[in-house]
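According to TrEMBL, the feature active site, proton donor maps to Glu183. Positions annotated as active site, nucleophile by TrEMBL: Glu263. The domain 'Glycoside hydrolase 35 catalytic' annotation in TrEMBL covers 36-317. Annotation comment: TrEMBL describes 378-490 as domain 'Beta-galactosidase 1-like first all-beta'. Residues or ranges marked as domain 'Beta-galactosidase galactose-binding' in TrEMBL: 521-582. Annotated signal peptide per TrEMBL: 1-22, in sequence order.
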Amino acid sequence: MTLTFLLRVGAIVLALLGNSLGAPRSFSVDYKNDCFRKDGEEFRYISGSIHYNRIPRVYWKDRLLKMYMAGLNTIQTYIPWNFHEPSPNQYNFNGDRDVQHFLQLAQDIGLLVILRPGPYICAEWDMGGLPAWLLKKRSIVLRSSDPDYIAAVDKWMGKLLPMMKPLLYQNGGPIISVQVENEYGSYFACDYNYMSHLSKLFQGHLGDEAVLFTTDGAGLSYLKCGSIQGLYATVDFGPGSNISAAFNAQRHAEPHGPLVNSEFYAGWLDHWGSRHATVSTAIVAKALNEILALGANVNLYMFIGGTNLVPMAQAGDLTEKYFAIREVIKRYRKIPEGPIPPSTPKYAYGVVKMAKVQTVLSALEKLSFSGPVKSIYPLSFIEINQVFGFVLYSTKLPVNCSTPTPLSSPLNGVHDRAYVSVDGVPMGILERSKVLTINITGSSGSRVDLLVENMGRLNYGGGINDFKGLVSNLTLGEDVLSGWTMYSLNIDEAVSQGLIQKTQAPGSSHPASSPAGLSLPTFYSGSFRIPDGIPDLPQDTYVQFPGWRKGQVWINGFNLGRYWPVRGPQVTLFVPANVLSTAAPNNVTLLELEGSPCTTGPCVVEFTETPILNTTVSTGPCPRLFLRGG
Ligand SMILES: *[C@@H]1O[C@H](CO)[C@@H](O)[C@H](O)[C@H]1NC(C)=O
Ligand SMILES: *[C@@H]1O[C@H](CO)[C@@H](O)[C@H](O)[C@H]1NC(C)=O
Ligand SMILES: *[C@@H]1O[C@H](CO)[C@@H](O)[C@H](O)[C@H]1NC(C)=O
Ligand SMILES: *[C@@H]1O[C@H](CO)[C@@H](O)[C@H](O)[C@H]1NC(C)=O
Ligand SMILES: *[C@@H]1O[C@H](CO)[C@@H](O)[C@H](O)[C@H]1NC(C)=O
Ligand SMILES: *[C@@H]1O[C@H](CO)[C@@H](O)[C@H](O)[C@H]1NC(C)=O
């Protein structure tokens, strides 16, 4: 094959130069011996997935070291485009986004890297890593030869890949191989021109020596559109699969070369309202053993996930699965000696009193930096330049609704959840695919407000053009509502600037009683000090929300995430020590969207030592979407 030939030529040139520079570095696919070849030696990787974008930078080294000590010789990571180019031509590679530093740390620790730069990555990440601003062209066909999509991809890869080139193995760095696209064979477009364009683009930036590959589900139907000549085809499958059948599928696309499972599912993701997913340690260990016994290369997906427990927990804790996997790996390669860094200590800071601050409606001016936008019919988030979070949609009742009148989204266009009030009285919640109609009452001219929440864009499948906000018209009875005023809210900014403060605004001090048992979306705050006299504080902790229903939590202005204990299964959020301060009181801000416990019971959040991830309270009325792993 051309690739191997070129690699050999490259290796000879390097060998000639190599005498004074030390051993030449090369990495290639050996089609003759069905293996990878590194520096001329047969090589097999045992890898684990870790996403730097899900871990605070201060913990990168700890997690990588634990992966190394588990016996892995390689890690695999994606690069989410939308994490680094949040708006067109605005690049961010600093702090938690410093991917070059992350890769350098991996190399310093002794790990090789399999890089998966997309452009589409799936990854259980917003829009599969694609930036939402691509949707400014309404009709764009993502992951295809659509010229607007290609132009954006070319520009992004023109920025990213030259940064990665010096980090390729043959250039002295840790990156042994680079994946092009991701599970493209599962996507409806099946556009060979697109894959062929990407293949040339990657080769152009990284050089002919770079080992480029694709990953697809282990079935011929996936490999049909996902694999393309010139890119080494690999497969992904979990411990429940028939391993020989899965590798037979890869052999169909690649009759020769190393066997590779690019995503071996050591755990699984959770959805709100579904049972907590678990994958038994015994089954993972057994299947891993079988894969390694075949001489195959494998990447455990994930090794450390986000919230979900895989071999390593979110807080970097060593689990039973971690040690079981280490025991399996030990049978196949010499694993490093020396102590494994311990799980980080946790501290229970205890109960923190919360107090009501103000409602979203009373804080509108402070939350909407750009001021309102008016339109006859509703505009989507992206049309008013909002990417994440919340937009407030407001209009007036055109008629008297003295009896309950249906407010509907007949085309299922509330993306994803709308907290509805009339003249400051909560009326109910519309929810995408679940609740398309509620009844409201009010008189002609009353103000109707819908606080619309983006709950994350679909990351997989034909629906990734996932517009947010009110993406189709609402009806009141038979009439289409019109005359909208929309407030784009930058709550992160307002919280971190300390703008959310108690006001004397009318209506904000006494909760209006609601027919639905709901309260208006409202901010609460509280603070706590790190105790004196205890060594090594602050330490990591978990925050829990007794009696709260659904909302968002910030600590010292850092947006920690979403809580939804009434739906589950996740009840606690991980609080890494680096967001806490010993110098000043730590400020906790909640935006509670449905109703607080504060009128009926203790108005507190609690910091505890242990996570709770497996309490499914409500499954909701809708069948869950099936998402593929990677
Ligand atoms: C697994 O797949 C192989 C090859 O396709 C087949 O021969 C075998 O019967 C399968 N095993 C099971 C348990 O289904
Ligand atoms: C709406 O109802 C109020 C009384 O509740 C009445 O005064 C008003 O005329 C009605 N308006 C319309 C448009 O029917
Ligand atoms: C709305 O109110 C009508 C009349 O009271 C009732 O029949 C209907 O079930 C209600 N719809 C919803 C969605 O609550
Ligand atoms: C709302 O309805 C109007 C009139 O039928 C239509 O022109 C407009 O495109 C619709 N807007 C949305 C967001 O569906
Ligand atoms: C918490 O808020 C108070 C009052 O605004 C401020 O003085 C303090 O510095 C904040 N704490 C931290 C850790 O930022
Ligand atoms: C949840 O997880 C804990 C800790 O692993 C376990 O003790 C408990 O039995 C689990 N509960 C459910 C409902 O699965």
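Just so you know, glycine gets a Cβ as well, placed from its N, Cα and C.
Distance from the CA of the residue listed as 'active site, proton donor' to the CA of Glu263 (active site, nucleophile) is 11 Å. According to its DSSP assignment, Glu183 (active site, proton donor) is coil. Across all of the domain 'Beta-galactosidase galactose-binding' (521-582), the predicted model scores a mean pLDDT of 97. Across the domain 'Beta-galactosidase galactose-binding' (521-582), DSSP classifies residues as 3 helix, 26 strand, 33 coil. Of all the Cβ atoms in the protein chains shown, 27 others lie within 10 Å of the Cβ of the residue listed as 'active site, nucleophile'.
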